[in-house]
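Here is what TrEMBL records for this protein:
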type	residues	note
BINDING	ASN62	NADPH binding site
BINDING	ALA75, CYS76, GLN77, PRO78	NADP(+) binding site
DOMAIN	1-105	domain 'Pyrroline-5-carboxylate reductase catalytic N-terminal'
DOMAIN	184-281	domain 'Pyrroline-5-carboxylate reductase dimerisation'
Amino acid sequence: MGTAILSGIISSQGSGSGTQEIDLLPTRFIACVRRPESEDAIRSKLPREAPDSTVSVYVKDNCAAAREADVILLACQPHLYKPLLLESGICTALKGKPIISVLAGVTSNEITHQLCQTAKTESKGVYDTDAFSVIRAMPNIASAVQASSTVLEIHPRPQLKGVIATAHAIFSCVGTVFTTKPGNFAACTTLNGSTPAFFAMVIDGLVDGAVALGLSHTEATQMAAATMRGTADLIMSGKSTLDLRYEVACPGGATIQGLQVLEEARTRAVWMRAMAAATSGQSSLKEGLKMSRGGF
């Protein structure tokens, strides 16, 4: 996810399509990795127009990167956040800086609590939670093509207003930004972060059906994706899903016969259960369930 966000931000700056909040945007980036080979993987995914001087990659040196940075994007795998925040010197490096977490299933309070516990151990004193400014954001993989839907967690604490403004500016570069209260963030994580995989499955099924009817896989995929994008644009313009269905499915027509099959299969109930399952599954991510490829 971190690489997708980085790629999208750099692309938006190169194309001039970024946010109006230009003063809040970073101009230099530091990526932190655990293995030397990860640097090559990151650079291979960055836009061609990104100069090497724009992006530095630090290997096993999180504290140095945090000391040098003005804004922190916490984008490790959720089960790794505690070891990261236990590193010697990390609290001093992070104190007073905007920390934006994109960790699924890990609350901002949990991150703040871990930082305070680490700081207390290191300094033999007590750290106030106000020493750390943490908010949550959940973009999705479409950040890489500047088409993400990102939700930001809104807090009433006055000291977090600047962090929220910075996060809004950053994620506006890679798509549309929404806000929500902490209690709704888990559902938003699924709706924003998980559903690209759900939508891909929908397209897979439609494409297989089209291939069975004679289309090539390539043309069927392009048509289905373009149609999904157009449908999303109609909904974003204000058209309700109910009106959209009624306009397409005329009485006695072919579309309503297809919809009948979907209703008989209780498709909407299946999507509701999938949303619930993915949301409840977030709690296991921070308990040591290892993920690969940076997904969740």
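Backbone N, Cα and C atoms are what each Cβ position is placed from, and that goes for glycine too.
TrEMBL entries are annotated by machine, without manual review.
Secondary structure of the domain 'Pyrroline-5-carboxylate reductase catalytic N-terminal' (1-105), assigned with DSSP and counted as helix (H, G, I), strand (E, B) and coil, comes to 47 helix, 17 strand, 41 coil.
With respect to their backbone Cα atoms, the residue listed as 'NADPH binding site' and GLN77 (NADP(+) binding site) stand 14 Å from each other. Mean model confidence of the domain 'Pyrroline-5-carboxylate reductase catalytic N-terminal' (1-105) amounts to 86 (pLDDT, 0 to 100 scale). The helix, strand and coil residue counts that DSSP assigns across the domain 'Pyrroline-5-carboxylate reductase dimerisation' (184-281) are 83 helix, 0 strand, 15 coil.
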